[in-house]
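Visitor: Dumping the structure here so I can ask a few things about it.
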Amino acid sequence: MILASQSPRRIELMREAGYDIQIIPADIDETPRAGESPFELVERLACAKAAAIAALPLAASQIVVAADTIVAIDNKKLGKPHDTNEACAMLRDLSGRTHQVATGVCIISGDTRRSFVEVTDVTFYELSNAEIEAYVASGEPMDKAGAYGIQGVGGRMLVRAINGDFYNVVGLPIARVKRALDAL
Ligand SMILES: Cc1cn([C@H]2C[C@H](O)[C@@H](COP(=O)(O)OP(=O)(O)OP(=O)(O)O)O2)c(=O)[nH]c1=O
């Protein structure tokens, strides 16, 4: 099986679930299309990542799994911040409110393609500017959609409530992925 992802969290979740995976990250254009919802976007990008790797000769007869995660609030899509200012602005947007974390997953096995989107609601405490700046200075937000990692030592301190799959927020809804792989 191939995991088309460089995300350390996805790699760990697949390995802990017992899958013998080869890591081949896909480098695709992740630009959103005009009018595309966050949910459409993550499913399309997950499928583009999986298709790019499934097309490689070395992927022949292998199952390919890919995913993409985004944070959605007020019709805005928050991906990975480009710099610390953008990370602070994202966290200010999320402060004291509930947002959605959407992960699109695509599985390709020969001519079969399955994809789905899993959504988890996450509610943040009110965050002070000092708290936001200290968290961003820790470096933890920089490679993560929405500028936080719920699994991180700092990120877990921001979260008041979660409704849905925790592992979906981390980047891969592993229980649903397992069920989709079992059903192939
Ligand atoms: C919201 C949130 C996101 N994230 C991470 C998961 C993803 O790695 C990242 C979103 O970026 P993605 O573009 O989904 O994935 P990636 O670039 O890290 O890896 P690849 O494209 O190779 O699969 O944000 C957390 O780790 N914790 C969180 O709480």
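From the backbone N, Cα and C atoms, a Cβ is placed for every residue, glycine too.
Unlike curated entries, TrEMBL annotations are predicted automatically.
Quick paste of what TrEMBL says about this protein:
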ACT_SITE  Asp68  active site, proton acceptor
SITE      Arg9  site 'Important for substrate specificity'
SITE      Thr69  site 'Important for substrate specificity'
SITE      Gln151  site 'Important for substrate specificity'
Visitor: I want to check the contact list for Thr69 (site 'Important for substrate specificity'): same chain, sequence separation of six or more, C-beta distance under 8 angstroms. What comes out?
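Guide: In sequence order, the residues whose Cβ lies under 8 Å from that of Thr69 (site 'Important for substrate specificity') (at least 6 apart) are Val42, Val101, Ala102, Thr103, Gly104, Ala145, Asn168, Gly171.
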Visitor: Among the recorded positions Arg9, Asp68, Gln151, which residue has the fewest other Cβ atoms within 10 Å of its own Cβ?
Guide: Gln151
Visitor: Cα-Cα separation of Arg9 (site 'Important for substrate specificity') and Gln151 (site 'Important for substrate specificity'), in Å?
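Guide: It is 9 Å, counting Cα to Cα.
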Visitor: On the three-state reduction of DSSP, what should I expect for Arg9 (site 'Important for substrate specificity')?
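Guide: DSSP call for Arg9 (site 'Important for substrate specificity'): helix.
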Visitor: Using the alpha carbons only, what distance in Å do you get between the residue listed as 'active site, proton acceptor' and Gln151 (site 'Important for substrate specificity') once rounded?
Guide: 17
